[in-house]
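Here's what TrEMBL has on this protein:
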type: BINDING; residues: Tyr61, Gly119, Glu154; note: S-adenosyl-L-methionine 1 binding site
type: BINDING; residues: Cys67, Cys71, Cys74; note: [4Fe-4S] cluster binding site
type: BINDING; residues: Gly120, Thr121, Gln183, Arg195, Asp219; note: S-adenosyl-L-methionine 2 binding site
type: DOMAIN; residues: 52-289; note: domain 'Radical SAM core'
Amino acid sequence: MKLLREMDNQDYLKIEYLSKTYNEASIPLYISYPTLTCWNGNSSEAEYIEGIRSERNPFLYFHFPYCKSACYYCLCYKMVGSSEETIDRYLDYMEREIRLKAQYMPLDEMNISQMHWGGGTPTNLTPRQLERIFTVISDNFNITSGEKSSISIESYPDDTLIGIDKLKLIKELGFTEISFGIQDFDDRVQRIINRDCKPEVVEKLFNEAKKLGLRIHVDLCYGLPFQEISGFRNTLEKILMLQPDRIAMENYSHFPAYYPLQRLIPTSSVPNSFNRIVLSILANELLTEGGYVRIGDHYVKQGNNMHIAFEDKKINRDLMGYSISDRRQVVAFGSSGISFIDGTYCHNKKTAEEYFEDLDSNKMPLDCNGAHKLNQDDKIRAAVILKYLLTYYEIDKTAINKDFDIDFDEYFASEIKQLDKFASDGIVTLEDDKIKVTDMGRYVVKHVAFVFDNHYRKA
């Protein structure tokens, strides 16, 4: 595939055709399969308890929904402008949930080497609150913090929320990684999505985090309102100078009917499908030229453990992103947290008040109507979509036949027939033992995944 600077009129006409024919604005993000809107509620509290009883090495996720201010583009469950007392109350209930779930878990046999704090903005907590809840977690679970551990926390790089002292505390508590949500440095883009992320503040935090030995991840987003080539190039060049260990490159999803804050963003300011593809091509060119390796919609430094695992075909995609693991088992804490245990997705109650109410009754704060237990067909399709298409950009028919004892061509005869048009459009190549996504096809790969989605297409 040509570089942007080498493309001619015919190349851009091809991009225009793909952008009109395969507009990803209407396609699920595939953070999970099935996607959350298709979960059917076929699980129970008893099944959840049985699942956490048997899991010896879970990934622990803690959700802190509080933010200093609302970012208009964000899809996460969050609450804005809460007082220290309000957050203390939330932590009181999270502590109850930790102790409630811990009593069912095989603690003597568990070593927790993977944990993530998300939100919201976890670093919105005061130092006292950070130390308090980390101590509660450590008192209930054996947290191992070492070179192979991943104990991570998300942060909005705002110097009123996090500075050198809080970074030092994060390191002292045992965190190994910090993820900075940057999205874009461009002033106009930030104003329209209600953010204020200053490059000089980010650089200062990066330098201090590196001195402390923290691994650093960055979240960027393309397709944001008013985003254009020169401004996004400037952001990418600044990020390359900082040299984070990993970069997540998300495609902005504009659904104002479901996310009211997005109604504050003029729809006409959101880049169309053509411009989104061009922005994504630009990001891929600059980051790969800068020494990063593409793994789905993430980029990692050449030679690090994630890159090595990718080359060895040991990477998988799940709720938490990409991991060196085959279907991580996730136990979630906090309002709206999502667990994945023994083949079942299960939501915690979404709002803080619902969450508090269940814990006041000494009940698991689960929304079993917001659950989904994977059947065998789900497991096969999840592997095709999450592990193969959205990680390796190819489907290994032989491996799937072996893993699930099926004949791929027979099982997916209808889907393969649908892919004929994708092949004629240069998005995939159809081989006897593999289906490969082309270089250009990677920019619309979720459309290929959608062909194999047996839930969303029927919804």
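Placement of Cβ uses the backbone N, Cα and C atoms for every residue, glycine included.
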* To do: Filter the binding-site residues Tyr61, Cys71, Gly119, Glu154 down to the ones within 10 angstroms of Arg195 (S-adenosyl-L-methionine 2 binding site), Cα to Cα, kept in sequence order.
  => Cys71
* **Close in space, distant in sequence - Cys71 ([4Fe-4S] cluster binding site), Cβ under 8 Å, 6 or more apart** => Ile193, Asn194, Arg195, Leu261
* Asked: Taking Tyr61, Gly119, Glu154 as the record's S-adenosyl-L-methionine 1-binding set, what's the max Cα pairwise distance in Å, rounded to a whole number?
  -> 12
* Nearest to Gly119 (S-adenosyl-L-methionine 1 binding site) by Cα distance: which of the binding-site residues Cys67, Cys74, Gln183, Asp219 is it? -> Cys67
* Including all protein chains shown, what's the count of other C-beta atoms within 10 A of the C-beta of Thr121 (S-adenosyl-L-methionine 2 binding site)? -> 25
* To do: Work through the binding-site residues one by one (Tyr61, Cys67, Cys74, Glu154) and name whichever has its CA nearest to the CA of Gln183 (S-adenosyl-L-methionine 2 binding site).
  => Cys74
* Structure fact -> Same-chain, non-site residues whose Cβ lies within 8 A of the Cys67, Cys71, Cys74 Cβ center for [4Fe-4S] cluster are Ser69, Ala70, Tyr72, Tyr73, Cys76, Lys78, Val80, Gly120, Thr121, Tyr156, Asn194, Arg195
* In sequence order, what residues of the same chain, 6+ apart, have a Cβ less than 8 Å from the Cβ of Gly120 (S-adenosyl-L-methionine 2 binding site)? -> His63, Phe64, Pro65, Tyr66, Cys67, Cys76, Tyr77, Lys78, Met79
* Asked: Averaged over the whole of the domain 'Radical SAM core' (52-289), what is the pLDDT?
  -> 95
* **Extent of the S-adenosyl-L-methionine 2 binding site in Å [max Cα distance among Gly120, Thr121, Gln183, Arg195, Asp219]** => 15
* Asked: Out of Tyr61, Cys74, Glu154, which of these binding-site residues is nearest Thr121 (S-adenosyl-L-methionine 2 binding site) by C-alpha distance?
  -> Glu154
* Asked: Setting Gly120, Thr121, Gln183, Arg195, Asp219 aside, what same-chain residues sit with their Cβ within 8 Å of the center of the Cβ atoms that define the S-adenosyl-L-methionine 2 site, listed in sequence order?
  -> Cys67, Cys71, Cys74, Glu154, Tyr156, Gly181
